[in-house]
Each structure stands twice: as structure tokens, then as C-alpha cells.
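Engineer: Got a structure here, written out as C-alpha cells. Questions coming.
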Amino acid sequence: MQKLKQQVFEANMDLPRYGLVTFTWGNVSAIDRERGLVVIKPSGVAYETMKADDMVVVDMSGKVVEGEYRPSSDTATHLELYRRYPSLGGIVHTHSTHATAWAQAGLAIPALGTTHADYFFGDIPCTRGLSEEEVQGEYELNTGKVIIETLGNAEPLHTPGIVVYQHGPFAWGKDAHDAVHNAVVMEEVAKMAWIARSINPQLNHIDSYLMNKHFMRKHGPNAYYGQK
């Protein structure tokens, strides 16, 4: 697990590097599907002092199998998403400013241009609010459940992120670094959407044919963006 712990450590260290976290407001995890184990950031440990060996390994029930620290308080959310979506290899949660602002406003991040369409096939959805019973019960598990409820049967890698109402963004990807990449993009397109709608409140969504072109040229079966 040492290699995966190093990858998760590096991905967590990317969060402050890209300006996605303040203090300890974020976490990254990755899963080893063959072993059924997840590596995740320890709860409340400062990035300045964190080391790869500080990463915590848990099984799919959340039991710590390796590590000296308690795992992230959001571990149950990560595990619920891994259980539901086999295509996920890494998950990120942050409170990045602009994506969190959309979450607090209770609004999906609208797909307004090609930057958005290069990564997200449609709006980045916002979940419903959790009930008092859901919050007082298994809060983190129920956060995962409301994300799944919102995504439905959609392919999660086609919309690799969501904003949880009154909470903040979660993003995911094929591995931890891919998930961080998508979290960075989500924050940028959230900022772009806010600015664009401030300039033109009547701004329409991106045309569907342009959305399809930009997403499919990067992610479709005949994708041709980048190098092989």
C-alpha cells in the first residue's frame, strides 16, 4: 500500500498548491479495488507537517487497518461513493471558494462554455438539502447517499463532480490525481460561471452541439484531443 499512500499524500498536497483548501478544509482518497482498501488523509492534520506515512488505510466498512491517526471525518462519504461506482479510483472534497458558493446558493454550476464542456457533460448538479434526521443520524454516510440520489444512473466520470447543498464540492476521477485535476477545473468553471452570469444575468447555457463536440473529442470513443 506504500505506493498508493504516496500517491494520496501527493494528491492531498496538491490541494493547497492549487488554492483549493484553507487550513485543513479538504481531503483526498484513493482505492485499491483488488484489496478492498482505501487510503485517505488523516483528520485535522496540517498540510505543513503531513507525511506519506500519515495517510490512513481503511477497509470498506471504515475500519482502520493501517495508520496512527483517525481517518478523515468524511471517510464514510468516500466509501459510499466507492461502493456505488466501480469506475471511481479517487475522490476529493474541498471547500474551495467559488464551488462552495454555488453549493451554499443551492444551485447547479451551469455549463456556459467550452472550458466546462471539456470536463463536465452538462451542469454540475447540486444535491438537495439533508433533513434534520439525516444530519443527526449517519451524517457523512447520508451525504454520500444524497450524492448518489442526485447522480442517479449517470456515468460519474462524465460529470466528475457535484456540489452538496450548503456544504461544498466533491470531485472524483480514475485515480487521486485525476480527481484533484477535476476539483481544480470545477473551482475554475464555478468562478467563470459566477463572473459570466454577473456580466449577463440572462446568459444561456452552452449550445448542446458545442457541448457534445468538446466533451466527446476528449472523452468519447473516437477522442482525438492530446497525444496517444
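Keep in mind that glycine also has a Cβ here, set from the backbone N, Cα and C atoms.
Keep in mind the model is a prediction, meaning the values are calculated, not measured.
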Engineer: From Asp74, Asp118, Asp178, grab the residue that Swiss-Prot records in the same Zn(2+) site as His93, His95, His167.
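Structural biologist: Site partner of His93, His95, His167 for Zn(2+), according to Swiss-Prot: Asp74.
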Engineer: Specify all same-chain residues, apart from the site residues Gly26, Asn27, Ser43, Gly44, Ser72, Ser73, whose Cβ lies within 8 angstroms of the center of the Cβ atoms of the substrate site, ordered by sequence.
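Structural biologist: Here the non-site neighbours turn out to be Thr24, Ile40, Lys41, Pro42, Val45, Pro71, Asp74.
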Engineer: Within 10 Å of Gly26 (substrate binding site) (Cα to Cα), which of the recorded positions His93, Asp118, His167, Tyr225 do you find?
Structural biologist: His93
Engineer: Ranking the binding-site residues His93, His95, His167 by other Cβ atoms within 10 Å, which is at the bottom?
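Structural biologist: Candidates: the binding-site residues His93, His95, His167. Fewest Cβ atoms within 10 Å: His95.
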Engineer: Neighbours of the Zn(2+) site Asp74, His93, His95, His167: Cβ within 8 Å of the Cβ centroid, same chain, sequence order.
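Structural biologist: Same chain, not in Asp74, His93, His95, His167, Cβ within 8 Å: Trp25, Gly26, Asn27, Thr77, Thr94, Val164, Gly168, Pro169, Phe170.
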Engineer: Around Asp74 (Zn(2+) binding site), which residues of its chain at least 6 apart sit with Cβ under 8 Å of its Cβ?
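Structural biologist: Result: Asn27, His93, Glu140, Thr143.
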